[in-house]
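Colleague: Found this in TrEMBL, in case it helps:
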ACT_SITE  GLU110  active site, proton donor
ACT_SITE  GLU110  active site, nucleophile
ACT_SITE  GLU114  active site, proton donor
DOMAIN    24-224  domain 'GH16'
CARBOHYD  ASN118  N-linked glycosylation site
SIGNAL    1-27  signal peptide
Amino acid sequence: MVRRACSIFNLFFITILFAAFGKLSKAADSNSFEDNFSKSCPDNNFKTSDDESTWYLSLDKQAGCGFITKQRYRFGWFSMKLKLVGGDSAGVVTAYYMCTENAAGPERDELDFEFLGNRSGQPYLLQTNVYKNGTGGREMRHSLWFDPTEDFHSYSILWNNHQIVFFVDRVPIRVYKNANYTNNFFPNEKPMYLFSSIWNADDWATRGGLEKTDWEKAPFVSSYKDFTADGCQWEDPFPACVSTTTDNWWDQNNAWHLSEDNKRDYAWVRRNLVIYDYCKDTERYPTLPEECWLSPWD
């Protein structure tokens, strides 16, 4: 009787989960901005294409622009195609990131893509970072193997309880593993929103703040399309994401490690494109953070 009662409960629970995931898929499959996001900027700083499939965020001297998903997620695959500000973009940062709070709160977890603008003819730098409970300092900077201002490219995050992987056009550029660190520096407990924004950061973004934003070149425009969120949608008071289930591809064994092809691509990126790695910065960290001791292949 107990076994049958448990089976009935499990069937009921699974039915509820499938209903939740069905709702998630419907929302995530829509490319409508209104279905997925809320914006935070003056109307003049946000525009869409005629078919509303492409979104344009602009920065001028008065304001930048940003948006946030209406849903929070815990684990999954999250992707967006971006085309960055062309020409002289020194001082301008386009950010695409995940964060647990709708503000830079002192206890936030965060996973960052930040695109650091530069003077005309100079390449963009891509900075990634990981925060746990308000502490970051895990920056890496990469050059790219293409001009990100000429066309759209995909930027994606795979997040599960085993690893966080940052991808550019499906090429892994950074892997952050969960190895049960004693410092507990792996963000896996809190659900996150997805954000993007364009803003002025000429106090640090380009050559450490030496290159300032040239406002005569404004407005600066970043373009977005093809948002994908294949993840566990967090819904209070009984979220389905409180434990892993391995029901989804991004939470199964193949997503816990890089594939052999991914490993080859990742090795090439590490050899050729890494500009800065906090794990190599012994002046900043005389004692390196614990996760720096781990091989990228573990």
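First residue shown is number 1, and so on along the chain.
Glycine too: its Cβ is placed from the backbone N, Cα and C atoms.
Source: prediction; values computed, not measured.
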Colleague: Would you kindly give the Cα-Cα distance separating the residue listed as 'N-linked glycosylation site' and GLU110 (active site, proton donor), rounded to the nearest Å?
Modeller: 25
Colleague: Over the domain 'GH16' (24-224), what does the predicted model average in pLDDT?
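Modeller: Summing pLDDT over the domain 'GH16' (24-224) and dividing by its length gives 92.
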Colleague: When you measure from the Cβ of GLU114 (active site, proton donor), which residues in the chain that are at least 6 apart have a Cβ under 8 Å away?
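Modeller: Non-local contacts for GLU114 (active site, proton donor): VAL93, THR94, ALA95, TYR97, LEU126, GLN127, THR128, ASN129.
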Colleague: So for the residue listed as 'N-linked glycosylation site', how many other CB atoms are inside 10 Å of its CB?
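Modeller: Taking all protein chains shown, the residue listed as 'N-linked glycosylation site' has 20 Cβ neighbours within 10 Å.
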